[in-house]
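Here is what TrEMBL records for this protein:
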- 188: active site, proton donor/acceptor (ACT_SITE)
- 264: active site, nucleophile (ACT_SITE)
- 45-339: domain 'Glycosyl hydrolase family 59 catalytic' (DOMAIN)
- 347-409: domain 'Glycosyl hydrolase family 59 central' (DOMAIN)
- 479-653: domain 'Glycosyl hydrolase family 59 C-terminal lectin' (DOMAIN)
């Protein structure tokens, strides 16, 4: 059937006449465009996908209760339902901050392997459950410190780095029955010819010939020139992958004969303008740049809104405490292509730009099916976060498609007037149409989820888990430096047998400027007056230090400059109150009598411009004067990369 779906972004709302409704078109005169396969076909379509990670962008998704978590996953991955994604790319966790948080490594230490940490394994399994043919990609942004052997660089010992990455791929298969299809090389700091060749050698040696390499997950250069000049590297690299190419490629990239992918793109607020951005680049990445796959950063906005790049996912699901989620316009923009094509379909050579603005692509399965996607996104309704978009004009227009070659007698619908292999349509601005012979697409739906609600003002977690927890991290905590995991203390079966433990003991090979302290945030960024308490246990003798904090105002890549009210106790018997994570602005300090390997209860109360704190129920200091910041998250953490434990965490927000 010839089907139609459209988004009228110029009125700020999605206006759908969706699949399953026949579109009656009267033939009228318009600019002519041929769709013809007689001169051959274009490049093979590899799919549309999205990225979980880079970093911690799916953190809150795992904490949703059923049925809402499964509904969100269906909108993302279930074929012929929502976005119907064909590619899932995940971060290979490296214990370091990689945009909105840290993701745990499968090897915190050289002699440590655990293939159940984090949530990416679970996410890949859920994607495969819904779409067994989905393509899986792994990419490291950062690495645990031991990989760099004390340097903030992962390639001084490239054999170690290659073995580390390959172990993740092997673990995916051994423990989760997941076949990883591609592994990426990231990015401007991590492009290394010797490493790429060694990675290819290591993959082959371990029986992973089927796993292909994407390089260099950055710009077209220098990877393109190096691949042309180096035959061994050319053989090692399967895909030239770039980030945010602005729909353009370079002649040298085409000359390589390699597949070209936009291996990270979009990264734009997911309102209707974001949907327009996504619609434009999905078409024009091929029309302008011959890129046959486009991958969105990110998959789903499941991180706190006030972290960097809030709501830059295809949909929003960042309230597990309420169950609320929002299916944003990029989900349905994706569906225009993914529900009516499959990887392995082939683009026609006759694709391009409309005379009066916008673009069109056409794909075939070479077995009689044809799908045409048109977009007429205006400049102001399709601006992406990057790169800058030069001015251009789009106006309403009539277009006539002439179906030639094997498509001359293609059947769309008896309701469509196709005269001698041609049909016409009037295109307004800011519209997306899909014309297809594929008959089984749909706009999937579930009953509305619960209404949005703020984070609970009264919140407790005793980190008590029975046996092995389903996920390694406590609900709603968002690690910003370091990794906080469930821990079972088998040597001390007392009241603190199950705790939350900070486990990173060496500064990672970082992607951004991680803090020198570890920190995990939780709660409502708007909170200003509240009381927080937590039992803490320092494991580092003499040098240990632990804090609880309120009004924490920053996260993500700027975590080093975070401010708030931080209450620290140290294993040397002192305490300190600071206005910043770095500990430079001291509000109060003194003796606490605290030492390592003893449990203490810290309580921090902030109201208006005053803060006070208790140690084991006794006042340690009170009425410290503070002015900024006025609101922010709650946090726990340590004074360095060190082992420490937390238990019986509680929040009572007053305002």
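Cβ atoms here come from the backbone N, Cα and C positions, even for glycine.
All annotation found in TrEMBL is predicted automatically rather than curated by experts.
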| note | Across every protein chain in view, the count of C-beta atoms other than its own within 10 A of the C-beta of residue 264 (active site, nucleophile) is 26
| Within the predicted model, mean pLDDT of the domain 'Glycosyl hydrolase family 59 catalytic' (45-339) | 96
| note | For the domain 'Glycosyl hydrolase family 59 central' (347-409), the DSSP helix/strand/coil residue counts are 6 helix, 23 strand, 34 coil
